[in-house]
Amino acid sequence: AEYLRLAFTATFFAGITQVTLGFLRLGFLIDFLSHAAIIGFMAGAAITIALQQLKGLLGIQKFTKKTDIISVMRAVWGSVHHEWNWQTILIGVSFLSFLLLTKYIGKKNKKFFWVPAIAPLISVILSTFFVYITHAEKKGVQIVKNIEKGINPSSVNQIYFTGDYLLKGLKIGVVAGMIALTEAVAIGRTFASMKDYQLDGNKEMVALGAMNVVGSLASCYVATGSFSRSAVNFMSGCETAVSNIIMSCVVFLTLEFLTPLFKYTPNAILAAIIISAVVGLIDVKAAILVWKIDKFDFVACLGAFLGVVFVSVEIGLLIAVIISFAKILLQVTRPRTAILGKVPRTNVYRNILQYPEATKVPGVLIVRVDSAIYFSNSNYVKERILRWLMDEEEKVKAACQPTIHFLIVEMSPVTDIDTSGIHALEELHRSLEKKNIQLILANPGPMVMDKLEASKFANLIGDDKIFLTVADAVSSCSPKLVENV
């Protein structure tokens with residue numbers, strides 16, 4: 001009874017979380033769960049759910065309530081000699097193989113999309129009939145037994161609004177609500193791109209939240225958009241919500257008249273259906289692609305996966321968010337910088353690492369900053385530029401080339417700058433003056449330019465030291481050398 005009440009409470013607060021995010025237009029919060037983190041989280045959740053179903057698949061009666069893989073496997077192997085039921089295992093494994101086979105057929109040939117869609121129903125009917133005619137329940141095969149007819153009763157009085165379970169229900173509800181939102185919006189975006197329409201994330205959140213709030217009052221647990229059912233609707237040619245109305249009517253008729261037929265349904269077939277469903281959440285190819293594209297993203301993916309599998313869903317989610325935030329902070333505090341060179345036979349200046357044929361202009365160092373300059377990265381940007389300058393001075397000295405007299409900072413990627421950033425430029429200017437090197441700025445944006453003028457920095461270096469392009473800046477400080485490059 002307490003478990004059910006906690007489930008309804010979590011559902012209620014999941015809905016409240018979703019509605020609140022929608023009304024306050026805070027949908028951007030779910031974007032802090034990166035795609036890589038979601039891949040790891042969903043894979044970990046799939047394994048956790050599948051491991052919990054081993055109880056029904058193997059016929060185990062006493063099972064752990066913990067979700068981590070170590071506790072579950074200890075419970076499974078601890079009961080291998082006295083609780084495993086071979087009839088149950090035979091039923092479960094046979095139909096699990098059937099379900100996985102139908103999934104494979106549907107994936108290989110799009111014409112047979114309906115095969116994996118009806119496979120669970122066929123499995124339930126066949127397994128129920130098999131148990132009924134053989135009376136396998138007398139040999140230890142656990143069955144569903146009696147299912148009450150009719151629609152769900154009201155659960156308004158079952159939700160915890162006070163007491164010890166309120167905080168737990170709130171915590172679980174917020175986490176489940178965020179995950180449900182992430183999945184629903186991801187699924188919505190997928191079909192929006194396929195059908196070429198726009199998706200309003202905030203309206204999706206309000207609708208999803210309202211559904212869960214109402215559901216929590218009618219004995220329902222947390223629900224979200226289903227990719228498999230949406231795919232079946234899409235492949236069937238459904239265009240409107242009428243398909244969902246028809247589906248609801250069928251479910252209503254089933255609950256009212258057909259529930260006695262499921263009395264002999266074995267628990268093993270339900271476990272097999274759940275396992276076959278969650279297997280699709282484990283996307284190994286996507287994880288491999290993440291590894292190839294971005295190693296830091298893969299760390300977030302792996303952290304979420306291991307956190308869910310070895311500790312809990314909440315810890316896995318927390319690890320994913322922390323790693324994602326760490327990546328953001330790293331990118332903000334350590335922006336990319338690059339030395340630019342002149343592409344031959346053009347007036348274009350590009351990163352010399354990306355364009356090896358680009359040549360440096362003698363006596364001039366051109367550095368590009370690929371980020372806004374804020375208090376969080378201003379010192380790093382200044383020190384990085386000075387380090388580039390020091391390294392370049394050593395190289396030209398060793399090669400007996402002209403010494404550097406001009407430092408050009410390409411600022412087109414700098415979308416904004418704050419007082420700390422301007423202070424860092426002032427310190428850079430003073431350091432360069434001691435070396436008899438002139439600081440020149442190229443192509444600062446309008447917002448950056450306004451702040452440079454307001455702070456008098458433009459006057460400090462001179463308005464004639466701010467140019468529209470790098471080519472103009474180089475031509476101004478070293479025209480004869482440029483003609484020869």
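Every residue gets a Cβ built from N, Cα and C, even glycine.
Those TrEMBL annotations? Automatic predictions, nothing curated.
Predicted, not measured: the structure shown is a model, and the values here were computed from it.
Annotated in TrEMBL:
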type	residues	note
TRANSMEM	6-24	transmembrane segment
TRANSMEM	36-54	transmembrane segment
TRANSMEM	84-101	transmembrane segment
TRANSMEM	113-133	transmembrane segment
TRANSMEM	172-192	transmembrane segment
TRANSMEM	204-224	transmembrane segment
TRANSMEM	244-262	transmembrane segment
TRANSMEM	269-291	transmembrane segment
TRANSMEM	303-326	transmembrane segment
DOMAIN	354-477	domain 'STAS'
Non-local residues, at least 6 beyond the ends, that sit with Cβ under 8 Å of the transmembrane segment (269-291): 35-36, 39-40, 42-43, 45-47, 49-50, 53-57, 91-93, 95-96, 99-100, 103, 120, 123-124, 127-128, 144, 228, 297-298, 301
Interface-richest range of 113-133, 172-192, 244-262 toward the transmembrane segment (303-326), CB pairs under 8 Å: 172-192
Proximity verdict for the transmembrane segment (6-24) and the transmembrane segment (84-101), three or more C-beta pairs under 8 Å: no
CB contact flag for the transmembrane segment (84-101) and the transmembrane segment (113-133), at least three pairs under 8 A: yes
Long-range Cβ neighbours of the transmembrane segment (36-54) (under 8 Å; 6 or more residues past either end): 60, 67, 69, 72-73, 76, 179, 182-183, 186, 271-272, 274-275, 278-283, 286-287, 290, 294, 297-298, 300-309, 313, 316-317, 320-321, 323-324
Secondary structure composition of the domain 'STAS' (354-477) [DSSP: H/G/I, E/B, coil]: 62 helix, 21 strand, 41 coil
